[in-house]
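Written out below as structure tokens is the structure these notes cover.
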Amino acid sequence: MATKAKKALVDVAKLTRAQARVELTRLALELEGHDKRYYQDDAPSVTDAEYDALRQRYNAIEKRFPEFVTSDSPSQKVGAAPSGRFRKVRHSVPMLSLDNAFAEADVIDFVGRITRFLKLPDDKIDFSAEPKIDGLSMSLRYEGGELVTAATRGDGAEGEDVTANIRTLEDVPERLKGRNIPDICEVRGEVYMTKKAFLALNERQKAAGDTIFANPRNSAAGSLRQKDPTITASRPLGFFAYAWGEMSAMPEETQTGMIHWFERCGFKTNPLTRLCRSVEQLIAFHREIEEQRAELDYDIDGVVYKVDRIDWQERLGFVSRTPRWAIAHKFPAERAMTVLRDIEIQVGRTGSFTPVGKLEPVGVGGVIVQNVTLHNEDYIKGIGNKGEVLREGRDIRIGDTVVVQRAGDVIPQVVDVVIDKRPKNAKEFHFPKKCPCELHTDVVREETATGEEGSRARCSGEFACPYQKIEHLKLFVSRRAFDIDGLGEKQLQYFFDEGWVTEPADIFTLPKRNAKLKLEEIEGYGETSVRNLFAAIDSRRKISLERFIYALGMRHVGETTALALARGYGSWDAFHDACLKVTKGDEEAIAEMDALDQIGDTVIKSIADYFGESHNRGIVDRLTKELGEIVDAEKPKSNSAVAGKTVVFTGSLEKMTRDEAKATAERLGAKAAGSVSKKTDYVVAGPGAGSKLAEAQKHGVRVLTEDEWLKLIGE
Ligand SMILES: NC(=O)c1ccc[n+]([C@@H]2O[C@H](COP(=O)([O-])OP(=O)(O)OC[C@H]3O[C@@H](n4cnc5c(N)ncnc54)[C@H](O)[C@@H]3O)[C@@H](O)[C@H]2O)c1
Ligand SMILES: [Zn+2]
């Protein structure tokens, strides 16, 4: 229904004046409600992208009919009025919002507007480019160097007095450090909660039966706006300084200069901030930060560009609620709402059932999502979803409007159900009692490692279940396993259905069987593709041990575990031998396996189960006979000079890619970290190194060139 309503919207250009007035009134009310839920209650009911879309439409209509602009129209307002739970504080300099850019063209326009305004060639403007921290903004007033008030943004003019709560934050100094501190300093910035702290807090909240927060922003806001400051003190909140309000004197002349000044005063500032000198550099910064987004330990929803020279900021000034000299370049939304059309059961390689939600297609974070994992039966019922992300108290029904989230490489999932939009005929989903493989095997509830009945269902048909066979073959040829070019899922399914390939070894015997099979005669195949396929197959007769172990498809043995096993045993013979012993219950072999990093009971049990089946031993034996060589894995050199050290790579490396450098470091027993801290041992800096290098110098961390690093590790 929601999609229909959207389609029915009249093109802004075609709206009559009367229609515009009606829609503006309706949108204003709707936005006001969202603002209240978001800013006052810390509990939004729509995604930011949906909210932004409403706002954009509002602005577009108002732009066409400027006669409807009033002083209380949403385009003139910031945030929401203080909640009344706290004393009010009037800001001496208003706290405003930022204009948004979504596309690169918007950034080009932004720079163009500024150059025209200042009458400058654009390469003359420096910008401070900063990550846009998704927290809540805060104004800290210092008089005579002492913290006197801390206030939230509120509606921009008046905020809430949260001084007592703010005093519990480690990142907020009570007293500014350094000499010549202006008498009045209002330091502004963002209070945020790390993703890790957010997850841990939700765990504790859940255990105590308290509110669960939807995201780190809400949990930071909720934790800060507490009546009892001791509760705030128990919540790990951070603060980054990046702006200022009233200043009795300006210590610096640029935005970046001010940021460094804040550091000298004792504040934390964001280490990714960078000075950019052109539109290209701004856009490159946006791209670079977006790539790092998932790895950062705090949420960001875009980057902010600010004209660096403060005198120019002042000349540029403001347009209603936003400065003309800054813009937020947002990242594509990673959450969206859509309708759940159906639920299907997918049978995995190990027989486990995964319910997959079929969605009305929707764009999330730049990709179109049509399928979501619904994890298991309990997740759908909204019970006991251990550590998963679905909002507490929600069950999922077919026909529901759901909130879909995509984070980094993770498979999209449903994080919330909009109960208000649940249609009367929404259907509850009944989990099947039989496997769709028609062996009519009963479904068993999988046991967890601790022996409790788990929440996953599986087909008990094991090796006779065709679903499981084909899924194993798919894994076997996949990019991270044998990576066989020209043998995609479609071809594989075809060969499987014809009975030509039913287990991995069959792939390697295809070339010699082709006199009979005549693959080149299959429609759409042709001689060249067959020749290419066979070449691809032959090139994989030599395979690394870790890939080989992963490709066997044992339960609980993913890539990382496979790598750990490969490194632990070094050769296929040693590993295979150990597996057989473990299967027989050989105590010594079990203890040896258990001693390996990352290997525990679950994996050992799974290996024993796998090799305990003669059918599996047959698969492995037939396969190894067809292969040329299983290449030994390198054992990590724990006596290397960098074992146990933490290293950060920054700038561009010339002799290897960053991924390769990290892998080498890890192979030598070092830890490759993403950001510099006191605990960092080395920073390896190549050309173009920026803030991380500065951080290293600040913490007195040893900085090496790429060559010095290579020498250190003896390569
Ligand atoms: N889902 C909802 O119901 C709902 C309701 C209201 C608002 N929102 C969301 O909140 C945002 C509304 O915009 P807004 O007016 O609060 O502000 P904004 O998020 O668009 O931008 C301004 C804010 O960015 C923050 N910021 C972070 N890092 C910064 C930096 N380096 N420099 C400057 N500012 C920085 C500051 O707190 C500042 O107040 C939108 O993203 C909107 O989607 C959502
Ligand atoms: Zn089955």
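Note: Cβ is positioned from N, Cα and C throughout, glycine not excepted.
Predicted automatically and left uncurated, TrEMBL annotations should be read as such.
Bear in mind that the values here come from a model prediction, so they are computed numbers and not experimental data.
Taken from TrEMBL as is:
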type: ACT_SITE; residues: Lys132; note: active site, N6-AMP-lysine intermediate
type: BINDING; residues: Asp48, Ala49, Glu50, Tyr51, Asp52, Ser97, Leu98, Glu130, Arg153, Glu190, Lys306, Lys330; note: NAD(+) binding site
type: BINDING; residues: Cys435, Cys437, Cys465; note: Zn(2+) binding site
type: DOMAIN; residues: 637-710; note: domain 'BRCT'
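Sequence features, as recorded in TrEMBL, placed on the structure.
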| residue | record | Cβ neighbours (10 Å) |
| --- | --- | --- |
| Asp48 | NAD(+) binding site | 18 |
| Glu50 | NAD(+) binding site | 18 |
| Asp52 | NAD(+) binding site | 15 |
| Leu98 | NAD(+) binding site | 19 |
| Lys132 | active site, N6-AMP-lysine intermediate | 22 |
| Arg153 | NAD(+) binding site | 24 |
| Lys306 | NAD(+) binding site | 23 |
| Cys435 | Zn(2+) binding site | 24 |
| Cys437 | Zn(2+) binding site | 17 |
| Cys465 | Zn(2+) binding site | 22 |
* Close-lying binding-site residues around ligand 1 among Glu50, Lys306, Cys435, Cys465, where CB distance stays under 6 Å -> none
* To do: Round to a whole number and give the Cα-to-Cα distance in Å for the pair Cys465 (Zn(2+) binding site) and Glu50 (NAD(+) binding site).
  => 44
* Work through the recorded positions one by one (Lys132, Cys435, Cys437) and name whichever has its CA nearest to the CA of Glu50 (NAD(+) binding site). => Lys132
* Structure fact -> Asp52 (NAD(+) binding site) sits from the residue listed as 'active site, N6-AMP-lysine intermediate' (Cα to Cα, rounded, in Å) at a distance of 16
* Looking only at DSSP and grouping its letters into three states, which state does Cys435 (Zn(2+) binding site) belong to? -> coil
* Structure fact -> Looking only at the binding-site residues Asp48, Asp52, Lys306, Cys435 (Zn(2+) binding site) has its closest CA neighbour at Asp48
* **Integer Å distance between the CA atoms belonging to Arg153 (NAD(+) binding site) and Cys437 (Zn(2+) binding site)** => 59
* Among Glu50, Leu98, Lys132, Arg153, Lys306, the recorded positions in the record, which have a C-beta under 6 A from ligand 2? -> none
* Whole-number mean of pLDDT values that fall within the domain 'BRCT' (637-710) -> 82
* Helix-strand-coil residue split for the domain 'BRCT' (637-710), DSSP-based -> 24 helix, 15 strand, 35 coil
* Work out the three-state DSSP category of Lys132 (active site, N6-AMP-lysine intermediate). => strand
